[in-house]
Amino acid sequence: MSGTFVGMPAFPKAAHEAVQNVTLRRNLRHATHTIRDKRAVAVAELDDWDQLREAGKQIKDHTLSRLDHYLVQLEESVTAAGGTVHWAADADEANRIVADLVKATGESEVVKVKSMATQEIGLNEALEAEGIAAYETDLAELIVQLGKDRPSHILVPAIHRNREEIRDIFRSEMSAWGRPAPDNLTDSPAELAEAARLHLREKFLRAKVGISGANFMVAETGTLVVVESEGNGRMCLTLPETLISVVGIEKVVPTWQDLEVFLQTLPRSSTAERMNPYTSMWTGTTEADGPKTFHLVLLDNGRTATLADEVGRQALRCIRCSACLNVCPVYERAGGHAYGSVYPGPIGAILTPQLRGTQSEVDASLPYASSLCGACYDVCPVAIDIPEVLVHLREQVADQGGKGHRLEKVAIKAATWVLDNPAVLAVGERVAAKTRKLHPRKIPGPGASQWTNSRDLPEMPAEPFRDWWKKNRT
Ligand code: SF4
């Protein structure tokens, strides 16, 4: 995945620092509560929400079970419609393909519509290294790019910024990237949007190459779909002469009709809208309309490894609606940066360690970034059982070893031996009862003391239960 987040500390440390930031917590609480309340209303409007959710789950599971077949079908459909398909095994290969395609056009700048896949592979940085400037055109992505920041939410990447901060970023940074912000720019949403619109418009009109992701790819027709709310996607997808789409292989669906389900569940789960303001679909190239050249880069980058895991593969059903982030008590307090990848929140806690593996300290910490309350599962429109995958990944991390886990294993082994030997258990209980006045109220040691810092150790009774039972009931 992207090098963008390299150097981030493991989740507990990053979260500890993030929760000290009062402005961040206030911004996040306000934004997530607003979106989650609206989503609940939008979902409640549909009597058949549960059936739609089940249909979405089944379509995705079926597609994943025959992914090889549908990807080949997609390639044939895209090729027949005039597009060119490229296969990228990892981030480096995808970046190389895209950079070569852009260089072949002779251009040195591209416009982009928000794409998690290109963030995942660090495409902007790779293009920059080749002397190609990539301009983000989604408002929130623009804020992140101008602020030399990192996205912290799937849908609202600048959710950690408030209006005053955005005004300051526009005032100080826009001029270095193109049309400057007006001198008297205030923090009114209308003025901020207008400044962004004017700044971006000159880029849309000049750009010869557009880069996108896609929310869905239809195997039977070779159609790609992007849903968005600002119209910047429509501009990126239609104005440039060359369009390059970088899409994860799990985004394919078999038929056009399958979109019926997702185009209902995605907008209600993400922006709490009945339908997206802009739903753009394109199939290859069309004479005298839209880009003359279309390239589709199909990205693996850890997805087939994820598919091989029977429990973990359900993460590939994700349609990136971000509903799980907005209900997560951990995300609400820690914010998105603490997750150390472009996929924050509950989905990031299960997707990132599968795409990247759990060898690094950051990735091994992610399955623990959850209270396992289950709110994420309840709202997920494709019924991903995130708590189940979290526990599964914790098991993998524990099996990997590490200091804390080795001690834990020794303790569990000792407990198993004692519980398997009733006589030993009885002696142990009596000794513990006799010495109970001497028991510490907190367990010493770096790991265990954290546990007892916020919890009371239960008090040992004066008499073990089995002795009391003998005396009173036999
Ligand atoms: S895991 Fe489910 S709720 Fe979370 S972003 Fe993906 S589809 Fe949405």
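The first residue you see is number 1, and the count goes up from there.
Positions of Cβ are set from backbone N, Cα and C atoms, glycine also.
Pulled from TrEMBL, these are the features on record:
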DOMAIN    73-298  domain 'LUD'
DOMAIN    315-384  domain '4Fe-4S ferredoxin-type'
DOMAIN    395-472  domain 'Lactate utilization protein B C-terminal'
REGION    436-474  region 'Disordered'
COMPBIAS  464-474  compositional bias 'Basic and acidic residues'
(message) I need to check the long-range neighbours of the region 'Disordered' (436-474): which residues 6 or more away from its ends have a CB within less than 8 Å of a CB in the stretch?
(response) 404, 407, 426, 429-430
(request) Give, as a single whole number between 0 and 100, the mean pLDDT over the domain '4Fe-4S ferredoxin-type' (315-384). (result) 96
(message) Within the domain 'Lactate utilization protein B C-terminal' (395-472), count helix residues (DSSP H, G, I), strand residues (E, B) and coil residues, in that order.
(response) 56 helix, 0 strand, 22 coil
(message) Within the domain '4Fe-4S ferredoxin-type' (315-384), count helix residues (DSSP H, G, I), strand residues (E, B) and coil residues, in that order.
(response) 42 helix, 0 strand, 28 coil
